[in-house]
């Protein structure tokens, strides 16, 4: 009881001296607030002492007590602030304002209303101090007139105070269990619990309002005394980090860093940033460029650094150095550009500096923004109220807040440039895609033309690979017409393939009769193949299957040796005098006397489906003028006429194997030696009663093959000399 009264009387004495009617003693007020913050005095007793002092009738004492209370509220810690926001203290103030007895002094009343308004404004958003706001709103509703509002941040009520003690069963440094012999002790700096071995050191803690030496653990002692040299022990470093984490989790005001290197460095950086913001033309943070040139000064500054703040300071210094280098490079670029412009336009106009965007942020402003962001991010991990003890941060915040319109305009221009860039990139991508497609199309076209160049397909042949390849050499240097008669002997021919579909007739497959020699030609001059004459229906595209021919008795067979054909000497004399089929165009247009109006033409189906090839040299295409089809009469089949005229003429560039039947003598000039395996083809169906020596006057089938020589003998003027020579052979 005596101790309690003695402590209360000690605080009361200090309060009486601080609130005397004389001038305000600021130093004594701060001492009282340090006692409250260090928890040397219970916060409730301090609140009651101030409440009793307000009962004094002297207005000066009341005003001094209100000022002392405001100082203790701003520096006494959250535990004392909770007592001030209690109903006991606030209701006492309201009762003083609403008393009906002795009226309250006007100055005291105004001061009281001002403090209530400031405390309520600073306590917004804090649930433990909500009664301050309720009292303020109640007084407003009752009609009290408050002075103009002052914008006060809630951090003004924050202050550093000793943390709350944490209980544990083991030492939080060496993990040794506590026992009857191993007592637990609390560190006054961090609030953690340690044994006697880990907390045997004592230090005063002025940043917490503790001026006398108190017990601290080894980690806090190393941190507080390592301002001149960094801790060399790894365990101390880990313990220091553990204490910092524990203290941050406790959400208590920060520890012994009021006089640490972080505050000094932060204050110095803020001061330099403000100077740069005010003086836009300055060269920036000059001392940062001299760090490498002054190692002694750097070492001195490093001695005052704290370990956890080294990274932040290094980042700030690096950013300042980068900004300085960027400014130098920019200035050099401006000078070079100005010099180049001056040299090029010296005769016309003076050199003008590059146009600068008025909304572009200067390097100093950009650096201030980055510095403020780094500081805010760093202070987020600090206890509440730390930012308020540094007025330079508030000034930096105000200077950066003025840059918001400028930053918004710059951001808008950057976004428009970005959109333009995206549009141009999309257009460029489209153009490149179209260009690649064009290149691919041209490349494929070039490949197709290159592949076609290796084997040229004839223009009029729908089936270019239908016939086998024929040798191109001509034996003994004889002409194409003579090669038909100087080749190997004609062997048996293979039967043709039964194909019911016709193929287009080539112009060079049609061998037209030339001008017949004068005088009759004997039918016995050429031996015709002996074969049966089947009944052939009219040409309608459905040809019957070709059967193997049976030899006929009255027919004269082919000779087995080539002696039956004209010899070389006779043929040379005879066929050299024979007119060329294309020399007389009138030979195709008008028939001769005694001939029928229908000219016999070999069937295109017979020539297309023929698998015969010459045993010797192939028939070489004549390089003369194109051959013309002879006119046909009404007796020819209309289907055959339409089919023969509807297909293109085959190109003469490729030799075509042919089977030339033994027909009228003019067609015998072009008879071709055939391969060995062969069979006769169907012939024309002869009209009953038709005289020998004339063509049939009825339907002429295009697939008709040569029949007996008398069927195809043509009445024409003869040449006796040639006939006699052939008969002799």
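Just so you know, glycine gets a Cβ as well, placed from its N, Cα and C.
Matching 323-358, 359-394, 395-430, 431-466 against Swiss-Prot, the residues noted as region 'Disordered' span 323-358.
Per Swiss-Prot, the stretch carrying the note region 'Disordered' among 241-275, 276-310 is 276-310.
Residue counts for the domain 'VHS' (16-147) under DSSP (helix as H, G, I; strand as E, B; rest coil) come to 93 helix, 0 strand, 39 coil.
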